[in-house]
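Annotation source TrEMBL lists compositional bias 'Gly residues' at 1365-1374. Taken from TrEMBL, the feature compositional bias 'Acidic residues' applies to 1377-1386. What TrEMBL records for 9-147, 148-360 is domain 'IFT140 first beta-propeller'. Under the heading domain 'IFT140 second beta-propeller', TrEMBL lists 466-610, 615-691. Taken from TrEMBL, the feature domain 'IF140/IFT172/WDR19 TPR' covers 734-1213. Residues or ranges marked as domain 'IF140 C-terminal TPR' in TrEMBL: 1221-1342. Among the features that TrEMBL reports, region 'Disordered' is placed at 1365-1386. Look at TrEMBL and you will find 87-128 tagged as repeat 'WD'.
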Amino acid sequence: MWYDQTIEGEYSAIAPHPAFPLIAAATKDGRVELFDDDGRKNEKADITRPTNVLGLKWHFAKKLLAISWAHGTVTVWCDYESVLREGNVHQAAISVMEWSPAGNRLVTGDEDGDVVVWKVDQRGRLTVLCQYRLSNRVTHCLFRGSEELDMKPQFSPPFFLATSTGSIHYADDMGHCTESNQMETPIAALLMLEHKDIVVIVTSTLLLYQFVLTPDGKLTQESEMKLSSAVKRDTKSISAIWAGPATLALSIGGQPIWIWDIENEENYVLNIPGIEKARINCIAFSNHKNMLVAGTDSGQVVIWKGRFVQTDDDERGRTQVWELHSKANAGGGVKDVSWGAQSRLLTAQNKSAVKILTEQVMHKRLWGRNAAVQVEQSKVIIYPGGKQPIVRPVELKIKGLALARNHFAVWNGTWLEIQEYSDSGPPLVTQTSGSESAIGPPEDRLDWFLAAWKENPIGSPLSIPAASINTQSMHITIDDMFLYIALGFRVDICNHQGIAKGSVTWQDTEGEVAGVECVAGWLCVSTTKKYFKLISTGNGVPAKQVFSKRVDPKLDLHSIISAKPNSKGTFISFSANSLLPGASQLCQNDSKIYVYDIELDATVSFDLTSYGGPPVAHWWDWEDPRILVCQTEGQGGCSEEDPTITTVDTSQILSFFVTSAHGITRYSAHAPPAGIDTLVGVYMPFQYYVRRSSPEESQELLLSVPAKDLEGLENTDIATLKSMLDFSFHLSTGNINESLKSLKHVRNPSTWTTLAKLCIKTRRPDIAALCFANMGNASAVSEMEGVADQGDAVAVAVGAFFLGMEAEIEDACRECGRWELVNRFHQARNNWEKALQVAASKDRIHLKSTFYNFARWLEESGDQSGAVAAYEKSGCESFEIPRLLLSNHDAQELEKYISNNNSKALKKWWAQYCESNSDLQTAMQYYEMAGDTLSVARICCLVGQVEKAIDIAQKANSKAALYHIAQHYEAEHKISEAINMYRQSSYVRPAIRLAKENKLTTHLTSLALQSSPECLLDVARYFEAQGMGDRAAVLYMKAGAVAKAVDIGLQFGDIEDLVRNLPPDTDPAILQRLSAHYTAQNNPAEALHLLLLAKRVDEALALIEQHSIPLTEELIDAIPVTDSEADKRLLCQIAGVCMMQEKWALACKKYTQAGERLKAMQALLKSGDTEKIIFFANVSGARDRQIYVLASNYLQTLAWRSNASYLKHIITFYTKARAWESLASFYESCAAVEVDEFQNYEKALGAMREAAKVIEKIKEPERKVGILHQMENKIALMSRFVAARETAKTDTITTFQICEELLQTPNIDHTIRLGDIYALLIELHFANGYYPQAQDLLARMQSSIPGMNVGYYLDERIVDALRGTSGGGPGGAGDHVEEDISVSPE
């Protein structure tokens, strides 16, 4: 709830204090005014200068206000001393002013680029530490997080400075300043992502940059992102702020707010329902409340609440969800919005005023069974011990409330008011478990009559004048004896008139007061440094502090929200805030409830995540120190479409037992009562709640509800109540013996019922059975014992059934998967809506039966229309609905229902009903509507319309109807028509019977062929008896009686058709018998075919040899073969015959089918079909590498030198076969071809080297070494010869030497032809004019190679010239010959 105050006036700047309810407002005439959160002006503040105020900036924790002025002066107002201190260094207007994170430094920058770092002490005194001079106007100042630099709090971290030209500088307070980066365009926003040490920059051109920051302040660009191109690039209209961990909120050009999740690279828009077209002027974010506020040009102030939810993506973790929280009207276009006072107030500035929105928390307190609830800003309702409420107005706006037995206190941060009340009054009727009863019995009390005797316009029985105390404390509490006022580092203890009786103080290192809580006898104080202080107040004398302890740092908590002691001061429960991951300031309510055990000096916790989230209230029982009750936050909130609509609340009320021995033990969890706002206290057997207030129900805000495990015990005695609590405690901790001992005081049967319910809730059916026995419920005991062997869940469900505990039945049945029990339970209680819901969602196998039972119940209840609908859903409408309507003698209604229903079963039922009443016309009509063709045909035959019946049956293709018509014809002795109808109906046996009886043999064969094998045999025997052997043989063959068919065929001499139709699995004896018949008839070919079918290979081969019968592919393929070894041998024998008849392809095929692929290849090689050989090698070579070798060997016999394809296949096949020696030999053959045909030793050398590479792949080392050594010798010799041919062009002497050495090498002609060596020497000598030497070499050549054809190696002209030479030159005409025959060595 938000209340608003208005400060009239035109202000140039507004600044609410982040921690205190203070607001600074600068006027246009050079004054700064201070206001409190009620809009009251501080007249003591005299802050005036003869120039304009440019900026206001509060210290984050102290009442120090930094003010920048247009003439360059910087001042600090100290509100503690009401003193204004100034510093005059700047000569130009201040453009930037920023406090350091520790608050001990103030950085200011001006329009000329001058930057001053000030030291500021606790009194606001300014001292210049250092100055910097930048080249342009300073626009931004951003401090680096001190946590990343591991700095102590008293030191100031470095900071960034940005100028109007886009330059970024990194500076500190020790005189160091360096330029870190230069942006291309001016900077609109400069932000720090502290947990990753990343600087985020938004430029005026709407580009978002991320820079990684090094310890020395260097910026390295990590990413660049374009934000938008659809809005105007107005630098002044760009607002960018953090709105969560790595979540950026941007308002650009007045457009709706964009939310950018930088880490997940996701974005979305926050729209304002109802005012979508409004222009957003300003935004602000609250770290304390995780709220985002926006101000619009239409005067609207819109607040969103951020909530973190867990996603399914483990990498993303949690994501932030925004819900519209509230809206307010500021009365004019909003220029600026700001949060203050730890986000308890919000300022919205327009042109003519400042609107202060203050969050009003409606306070409520409980003391014993007395309660106080704030209902308005200045009004409290007292509920004194269940009596009539007392309405008390006060003189101040309430910001805090405390309650004791006969006193209550309210305060506003300036004044404290105490009032006395009487807890006497008439009894108040309040809600109990399912009925209305008084909290306490009415009593005739004297003080009630005395108090009521006086007239009181306020309506309270007794009104005592208030006592007022001037105090600025916001942490106050009260008990029956004293008033406790906590402020700063002390707690003052006063009586109820404000007279001091004592105090408790502590060191400032333990932090200031953050909260106080009082119970009877104990005062608990929590501090900002997370300390607990426990003070004993039970002896009536102000006591000293008895205990002080800091929260364990290992819990990693940020701050304490609330802390409460139990009734004996042995435990302190507390809820806390924790920092969100990736955020330095944004907190969230921790999802755990913590309990500190003072005796053990240990902290235990219970995670409430699965029960609705963080705790929003936690209270100890007023008397029992073990009982702690919490209320969780849940997920309730306002709908974005309509803020007045609240979503479903998932809040839970959890009850715990807390002991040193067992820690925190949960024993109860349930949803809060409907319509309540919060839990306000616990005093067993009641839990006290405050309803959501409304004007017409302001007198009924307090609701006392019995605890779930104590329902029905509202008026029980103290001993029974204690026994119940002890029983619950021991049952929760598993101590069964002690739990049973605690029941010795229980006598009331209703108490045993409550105990049984508690046992069912805690899943202890054994003890629940004991409770049933004490209740006298023998049936329940018997049933629970009967299902004891089926598990506790079933027993719990049975016990819950007898107690009527619907939720427990569902939970137990869900646990054991017995949803049919839940269904039956709801049916037994006539709770049909839930029964149908369970059946539809969990027990679908019983859905129709549930609808059927529901229909029967409706029928018994007289709801005929509802029963009809339920019968339809049960699937029993075809007989139950007619029964229902006819039992009520409502035939017309039944006919109308059936006519409007599409159920064919119902229409057939009505047709049968009409037929039974001799209404054949209506019956036929409904039979047609039901699609019952048989019944239609039956009625047509009955009335003599047989042709119509045939037409209907044939169109519907109804075999049953055709069969009925055939029976009708047979009854009328129309045999042919009957046979025809039987044939059409596919019921052939009756037709055969008629044909045999009437000797209609023309029909028998066709009918038999349409029927089953039994009918075929029957007709075949009939034909055999009638001497019709040809027909009998055919039918016997069709029926599968092959032997019988062959016997009859041979008997009558007609077997040609029989042989052609023999099945593949014919008995070999029958085939051999037929073969003998054909042999006798001199038909050896057909006899051979039958022998092969019978797999009589020896006889078949003898027949082939005897009659020279050629084998054909068709003949051989007709032989049925399998994968058996016998059939493989048969195929090999057939292939051998094919080989004898030189039918190579057919032999190859049969060998392949037999798996003899190598023999198949050998057969194919004999055919000489190269293409098939290559194809077969590619297909089958992988299974037998020898096939590759055979194919390669075969291809080498062809002209592979002129066919590149053959050459390629030879190499490929040898390689696949891994026949490395064969491949090497082939390469040697290639080298020999190059030498013999082309004298190309270069290519031959290449082939030899390839052969050497192949030899390297031989796995047998001994064999590989010998072959490789021989091959390397050949390669070496050939390489020398090739080198000699190359050097002949330039170095003839070397060539001569190499050739002579080669000639002297033994067996050189195995590698290099001697003729080629001599030819090279002769040509080289001849070319150089050494004719005698050339002649000698020619002679040596002829003598070394007898019978050599010299012309094969040398040019004939050279040979002729050398043979005709004399002395100095050839032919005596050396010049002519040399010019005519000039041969250069190649």
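From the backbone N, Cα and C atoms, a Cβ is placed for every residue, glycine too.
As a whole-number mean, the pLDDT of the domain 'IFT140 first beta-propeller' (148-360) in this prediction is 84. With pairs at least 6 apart in sequence, the domain 'IFT140 first beta-propeller' (148-360) and the domain 'IFT140 second beta-propeller' (615-691) have 3 or more Cβ pairs within the 8 Å limit; the two touch. With DSSP classes pooled into helix, strand and coil, the tally for the domain 'IF140 C-terminal TPR' (1221-1342) is 102 helix, 0 strand, 20 coil.
Within the chain, the repeat 'WD' (87-128) has long-range Cβ neighbours (under 8 A, six or more residues past its boundaries) at 54-55, 57, 59-62, 64, 66, 68-78, 80-81, 134-143, 145-146, 153-157, 159, 161, 163, 171, 173, 177. Within the domain 'IFT140 first beta-propeller' (9-147), the DSSP-based counts of helix, strand and coil residues read 2 helix, 76 strand, 61 coil. Remark: secondary structure over the domain 'IFT140 second beta-propeller' (615-691) totals 0 helix, 44 strand, 33 coil, with classes taken from DSSP.
In the domain 'IFT140 second beta-propeller' (466-610), helix, strand and coil residues by DSSP number 8 helix, 80 strand, 57 coil.
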